[in-house]
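To start, the structure itself, in structure tokens.
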């Protein structure tokens, strides 16, 4: 299989809900169109930002199918298939219809806190179970365990279909170590909007973005400029969004970006429990910043 290269700005797509708690599939397709029309380079479907743990198997299958049909090959689809049970991920890869999926995203197992050898064996089993490109996802703030640079590089060297890592450890030194020592066919992708610009200057190839749900045109332009070496103009855009970066996660993800999308009139401000909407004080701060940026409110 030809190796997919996920470069530029990917968006970790949210799942819009109606007031009755059902999935708003019409709003979902509008959001996909919004991304396609505004420079998004690839979509990350059914990741953390999609509130995937709260979705049923039927809902996940329908969301995947609708998005793949709407995108119709125009940009790559990165599908989240994470679980803290290795066997469950392997069975998903073997049994689910992966037509239209370009690569899969798999987080380090959460809650059961495996050792570095356990993490390696988890990804080894997954890489050997599929011909699809696999993207590692290191997010210790959610999983409770950090995948070290040594483990990441071991996986990158041992398996040709492990093509990238979404790095959200917040440890720039660790990320730089991976970038400096990685094989040529392995990429580092930022998992944090706020460090996308500095990480690209070190050699990362892009971001899987949360804020890109709301601002795909602006943030994809920043990413593209940085990748082209136009750091001055990229930095100007980066600084434009600094306050919003910090507000995104004050009340948890995707509460922040859903509030932004609601202010912009694109979705209902609805999450599924145990997640709840952002506080009114945060909401009003976002509204004020969006007005200042002359974003439609």
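Every residue gets a Cβ built from N, Cα and C, even glycine.
Values in this document were obtained by computation on a predicted structure and should not be read as measured data.
Swiss-Prot lists 48 (among others) with the feature site 'Part of a proton relay during catalysis'. The secondary structure of residue 48 (site 'Part of a proton relay during catalysis'), as reduced to three states from DSSP, is helical. Note on residue 48 (site 'Part of a proton relay during catalysis'): other Cβ atoms within 10 Å of its Cβ, all shown chains, come to 22.
For 49, 208, the entry in Swiss-Prot reads pyruvate binding site. For residue 49 (pyruvate binding site), the Cβ neighbour count at a 10 Å cut-off comes to 21, with all displayed protein chains included.
What Swiss-Prot lists as site 'Part of a proton relay during catalysis' is 111 (among others), and the listing cites sequence analysis. Around residue 111 (site 'Part of a proton relay during catalysis'), taking its Cβ as the centre, 9 other Cβ atoms fall within 10 Å, counting all chains.
The Cβ neighbour count for residue 137 (active site, proton donor/acceptor), using a 10 Å radius over every protein chain in view, is 25. Sequence annotations record features per position, and here Swiss-Prot assigns active site, proton donor/acceptor to 137 based on sequence analysis.
Sequence-distant contacts (6 or more apart, same chain, Cβ under 8 Å) of residue 166 (active site, schiff-base intermediate with substrate) comprise 105, 135, 136, 137, 138, 139, 189, 190, 191, 208. Summarising the annotation, Swiss-Prot assigns active site, schiff-base intermediate with substrate to 166 and lists sequence analysis as the type of evidence.
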Using Cα coordinates, what distance in whole Å links residue 49 (pyruvate binding site) and residue 111 (site 'Part of a proton relay during catalysis')?
18
What's the CA-CA gap between residue 111 (site 'Part of a proton relay during catalysis') and residue 48 (site 'Part of a proton relay during catalysis') in angstrom, rounded?
15
Cβ neighbour count (within 10 Å, all chains shown) around residue 208 (pyruvate binding site):
30
